[in-house]
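Worksheet: the structure to be examined is printed underneath.
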């Protein structure tokens, strides 16, 4: 118990203090400092030093407890993202958001899949032990298409564009991208595990699960919360968390990842109920549960700074992830009526990878689809992508920022971000 509490203190306090003291939070989300902190512990030999003092983060009950705590945080995070799975736009803008999201995600996914086949040929060690070539290639396409919804929300707020057309459109597209991500992850994992069983059994179980959630659980929850005078009381909080956990367990039993169940639970829960509990969920999730996940992810990184192969993989995945997403989104936004600078700004926002990328590649690594070195290259790509998002979007939007946006009301203007 003492080792567990000491570990939590290290995980919670040190990255947060470093972030505040050096103002790192103005450049990158805290999760990336937690990731770097975990990697620094590994490089410095601190992990072995602690291991000699009965604090073992690599194996045993302590490691399992911390890992379980971290994955619980991921489940809650993805569930709250699922509750935002309906874009907050209407009318003509809804179709443009849908077009931008589909083109950006599908186009990048196709480019990434092509790169995945090339990586399998150039770097055989990049392919995980349980992956078939097309499953591996598809997983690369999916990983490079991610847009980080929680991190993007913080970036558009910090950039001063949260209440502008560009900010709202980017957030709505990111919501849809989250939906495509977890649907795609469900398909990849079902086929990735099909070597040990029949994929149609997984699809059959998935169809039954979705039918029950949409046809029975959702109406029952709506009636329950409509009858409650206070959706923020303790009983309501327990119901929300229990539905999320039960849904995650159900998809785990079916043979899919529990994260997919968490996303579906968030989507079918009444939004008012989730919003009433959001402050509690967010505080517990971000402050207590997620730090172990990202620090342990840092411990899993395998980065050889002197390896040309590693940096070649970083350059390849970063180029496709950033440029591919930006170009696909920008072209579609331009065809939809935005000016070029606004279209490129949309692309710069949508290429942000953030913590959703780290969650996705952790799942793919655990499933045996990715090799350790490529996992580390993708984590590095996520860091680069997130780091450039805010300055790049500011660069594109600050100049002539008061031009009217074509979407929605012609008088709606962009607010310049803080300089």
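Cβ from N, Cα, C; glycine included.
Residues or ranges marked as domain 'Cation/H+ exchanger transmembrane' by TrEMBL: 9-389.
Counting residues 6+ beyond its ends, the transmembrane segment (30-50) has Cβ neighbours under 8 Å at 11, 14-16, 18-19, 24, 56-58, 151, 290-291, 294-301, 303, 354-355, 358, 379, 383, 386 in the same chain. Here TrEMBL flags 30-50 (among others) as transmembrane segment.
The transmembrane segment feature in TrEMBL is assigned to 62-83 (among others).
Residues annotated as transmembrane segment in TrEMBL: 95-122 (among others). Sequence-distant contacts of the transmembrane segment (95-122), counting only residues of its own chain at least 6 positions beyond either end whose CB sits under 8 Å from a CB of the stretch, comprise 87, 89, 133, 136-145, 147, 169, 172-173, 176-177, 180, 184, 313, 316-317, 320-321, 324-325, 328-329, 331-333, 336-337, 346-347, 350, 374, 407.
Positions annotated as transmembrane segment by TrEMBL: 134-157 (among others). Away from its own ends, the transmembrane segment (134-157) comes close to residues 29, 31, 77, 81, 84, 104-106, 108-117, 119-120, 126-128, 167, 170-171, 173-175, 177-178, 180-181, 184-185, 188, 191-192, 317, 320-321, 324-325, 349-357, 360-361, 364, 369-370, 378, 381, 386, 389-390, 393 of its chain (Cβ-Cβ under 8 Å, at least six residues beyond either end).
Residues 78, 81-82, 84-89, 93, 96-98, 100-102, 104-106, 109, 135, 138-139, 142, 145-149, 152-153, 156, 162, 199, 202-203, 206, 251, 255-257, 259-260, 263, 329, 346, 349-350, 356, 360, 363-364, 367, 369, 407 of the same chain, all 6+ positions outside the transmembrane segment (169-191), place their C-beta atoms under 8 angstroms from a C-beta of that stretch. Residues or ranges marked as transmembrane segment in TrEMBL: 169-191 (among others).
Counting residues 6+ beyond its ends, the transmembrane segment (198-217) has Cβ neighbours under 8 Å at 186, 190-191, 243, 247, 250-251, 254-256, 261, 264-265, 268 in the same chain. What TrEMBL records for 198-217 (among others) is transmembrane segment.
Residues or ranges marked as transmembrane segment by TrEMBL: 237-268 (among others).
The feature transmembrane segment is assigned by TrEMBL to 280-301 (among others). Here the transmembrane segment (280-301) has long-range neighbours at 7-8, 11-12, 15, 31, 34-42, 47, 57-58, 63, 66-67, 69-74, 76-77, 80, 237, 240-241, 274, 355, 358, 362, 365, 372, 375-376, 379, meaning same-chain residues at least 6 beyond its ends whose C-beta is under 8 angstroms from one of its own.
Summarising the annotation, TrEMBL assigns transmembrane segment to 313-333 (among others).
Look at TrEMBL and you will find 377-397 (among others) tagged as transmembrane segment.
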* Residues sitting near the transmembrane segment (237-268): Cβ under 8 Å, six or more positions beyond its termini, same chain? -> 71, 74-76, 78-85, 178-179, 182, 185-186, 189-190, 193, 197, 201-202, 205-206, 209-210, 213-214, 217-218, 221, 224, 274, 277, 280-281, 359, 363, 367
